[in-house]
Amino acid sequence: MAENPSDVDPGAHAAPPPYGTMATVPPTQSQPIAMPSDGDPLIADVTERIGGRSGTHRGRFIGFLSPIRAIVLMASISFTVGYLTKLPCVAENFSGDAKYTRLCYSDIPLLYQLRGFADGWLPYVQTGNGQGPPLEYPVLTGAFMQIASWLTGHDQGALPRSLAFYHWNALLLLICLLVTVVCTALTVRRRPWDAAIVALAPGVVLCSIINWDLLAVALTSGAMLAWSRRRLGWAGVLLGLAVAAKFYPLLLIGPLFLLCLRTGRMRAFAITAGAGLAAWTAVNLPVFLVNHQGWMEFYTYSSARAPDWGSLWYLLMVAGNALDANAVNAYALGLLVVLCAGIAAVALTARQRPRLAQLAFLVLAAFCLSNKVYSPQFVLWLIPLAAMARPRWRDFLVWQTCEALYFAAIWWFLQQYGTSDKGLPDGWYNVSVAVHLLATAWFAGMVVRDIYRPQHDPVRSDGAADDADDPGGGVLDGAADDPVFAALRGVRAHAGAHQRASATGWDEGP
């Protein structure tokens, strides 16, 4: 399917390359790199105070600090700050109450001892079958942990082995973060600076080394980049690997299906979904055949887990509602289905098709709001998609501030289960959970508003023809609605997404 996917104004938007090619042409002189100070009110106000907005040489980055290098530097600094905040716990080998009072908790050194790595057990192969302790993580995350265990070795050295394991994991997770920000910067060609939102996110500083979530985040970001470059097979492979590392990337299949259905690009969807299934199977099938009981531990653990910290169901439980694991599984799934049905309605009824990043963020936000547990590091799943769905610093920082409050609240609350018998009162912790839920719902609501009122979409309203439809959407960018689908909606298929943008004369939203 190599035909031009849209009937667009040749003077406004060049014909995209066919599926099998990777376009590498940078933004042209007429379509320079978008600068945050030009479109973001908060950044514009800050830059006015420190020297003014970008001038005539905007988009020309000569020398060391290109956008990508600058963003990599930002991410490295953010990660280093987060790493340094963990030093009080490192000094005590992550024992005692310091991990709660100093907000430096991490699962990594604890699970090194509790999941058999310290004893040399191979995850899945030698665990979960009556030998070593089972590992409740997907296969690719288990492999990541095992690589860090091999790097740690079995010699005591100058550090306890659990700390050496922690430091090796920190290094590997830094690589994952850098992959994430680079992929995010490259996904929308004209807007690499949107990835600075990821690089400087408070959630990245606070949560990057709590657990192994950044592995799945990096793979998901790679899948988004591959899709934007029309590398459908690679997009599927990376998405399948992401699902092999964490469950949540599987939810991105829904937005891809809906958008490909609306535009008649089901062949593209089938290629990506098929490649994803093949990649996931290639990783999981050998482990399943060797020890299906160890492989199943992730699924049985997730299913049997009761309502836990940070979730809507936890609030209902502490309010006096009796909820066992089976009941909350049904309720959580039901709520997720309802929310996803609403998102599907948005995808299929919006006058202009939503951007892929917008729908992807909405689906993951729905999962976080409906899931029976919300760990602080889950915010990492949302950050790259939030940066592409609504790259507005003010709104992003409002949401992240609420997440940072929840981050502090959960550790101070858990302090009461330590040796000091002190901690944040239950009522204040419950308030922090409600604030986190409401803030996530609010940011999602802003994304929905952008979909129905594209003049408020920071990407579509940035004044560039290249960004008027879905610049990170790959085969979806500039695509017309499928005629059959358009007829069912009772509207004429619009081939001029870019023409409509110029005809309506959108103003930049707040």
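Using N, Cα and C of the backbone, Cβ positions are placed for all residues, glycine too.
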Stretch carrying region 'Disordered' according to TrEMBL (options 41-62, 459-480):
459-480
The transmembrane segment (396-415): which same-chain residues, six or more beyond its ends, come within Cβ distance under 8 Å?
42, 97, 99-101, 103, 105, 197, 201-203, 206-207, 309-310, 376, 379, 386-387, 390, 422-424, 426, 428-429, 432-433, 435-436, 438-440, 442-443
Kindly say whether the transmembrane segment (195-212) and the transmembrane segment (61-84) touch, using the definition of 3 or more Cβ pairs under 8 Å where each pair is 6 or more positions apart.
yes
What same-chain residues lie close to the transmembrane segment (232-261): Cβ under 8 Å, and 6 or more beyond its ends?
19, 138-141, 144, 212-213, 215-216, 219-220, 222-224, 226, 268-269, 271-281, 283-284, 302, 340, 343-344, 347-348, 353-354, 356, 359-360, 362-364, 367, 381, 473-476, 482, 485
With DSSP as the reference, give the number of residues of the region 'Disordered' (459-480) in helix, strand and coil.
6 helix, 0 strand, 16 coil
Go through the chain and flag residues at least 6 beyond the ends of the transmembrane segment (427-448) whose CB is under 8 A from any CB in it; none is fine as an answer.
309-312, 314-315, 318, 346, 358, 361-362, 365-366, 368-369, 374, 382, 386, 389-390, 395-396, 398-399, 402-403, 405-406, 408-410, 412-413
